[in-house]
Ligand code: HGY
Ligand code: MN
Ligand code: MN
Ligand code: MN
């Protein structure tokens, strides 16, 4: 908790509540500095990889390492635990192992992945996607934030070389196992009345941008019949998305961001960008294809047009069953749980034996300031992580 307290003032968002910490902004740079200080004070050797992920090594960096960690960025107005808890518990686990005089037989590293939430450039798990080549480097360089700054430009200002981003064979060879600890983002552990679980699967999920275009005009002088208001099909699509998710097995669909241009109370918008987050064990893409057809119909009814762009997609992830079972056993039969939230561990799972630990969230709320974990459960989590690292690196 002292780790979380130390960063509690960084990136606090007075307007939205909670935290807004986005890749390469002041808050996120500050968090990187904090991490480097923490790692170096423990004698860990810190390096930043070509994709701006941070690594802290216990002993010499080497291949087949046991790697743990998470991310420090947040969604806009997010909670204090999503990401930082996995980093703080990783450092705490290192302390616990040291106190016990543990000597790892394999290299051990704590990693902080960049832009996990996609809060600035729109693609979640950007650092791990780049490292694994799951996103094309050229496409990534051209991603833009809401101020029009490209990832390449932002990396340049940060002091990283955008020409070097992309699949990083060296970094990947070093990962033998990856274990990410994370606050649970639902109520699974509350319902089971248990503090810690091992992850079983991650729901397939993606993000899409629907750009509706109409005719900007005067709110008072334009007769209702004369309007081409892109807000109309956008609003109807919000409702259609909810219905589509309800009709899809274990489906979810969210419009958490709707951006009218130019955005004036007395102005009929000329365009509206609607950002859709859709998830399902199977068929998230089919759900969105159907919504895209509906969007076209809704747009044409209003004399508008629509263009749909897939910003990211990841299939359902089933974590390595042998590793999951091994963790459950090492942790004396903790339960295993599926999750609807995405993680860098989900990206890495396609390449490496990967596992996750969840720590109970008494509110069951996440991506909001009410996200929580008690001191006792965080302690359970770091002790569980220390046991897993001891097992894997012993
Ligand atoms: O959006 C997600 O599921 C994740 O927390 N990035
Ligand atoms: Mn998150
Ligand atoms: Mn997270
Ligand atoms: Mn006027």
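In case you wondered, yes, glycine gets a Cβ from its N, Cα and C as well.
A TrEMBL annotation is a machine prediction, not a hand-curated record.
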*In TrEMBL, 82, 367 are given as binding Zn(2+) 2, so which of 47, 63, 115, 117 is in that site too?*
117
_According to TrEMBL, which candidate in 177, 182, 205, 218 joins 71, 82 at the Zn(2+) 1 site_ = 182
_Cα-Cα, whole number of Å: residue 207 (allantoate binding site) versus residue 367 (Zn(2+) 2 binding site)?_
16
*Does anything in the same chain, at least 6 positions from residue 367 (Zn(2+) 2 binding site), have a Cβ under 8 Å from its Cβ, and if so what?*
75, 78, 79, 82, 185
*What is the one among the binding-site residues 182, 279 whose Cβ has the most other Cβ atoms less than or equal to 10 Å away?*
182
*Where's the emptiest Cβ shell within 10 Å among the binding-site residues 82, 117?*
117
*Around residue 71 (Zn(2+) 1 binding site), how many other C-beta atoms are within 10 angstroms of its C-beta?*
31
*If you measure from the C-alpha of residue 117 (Zn(2+) 2 binding site), which of the binding-site residues 71, 182, 266, 279 fall inside 10 Å?*
71
*In the same chain, which residues outside the set 71, 82, 182 have their CB within 8 A of the centroid of the CB atoms that define the Zn(2+) 1 site?*
70, 81, 83, 84, 85, 86, 116, 180, 183, 343
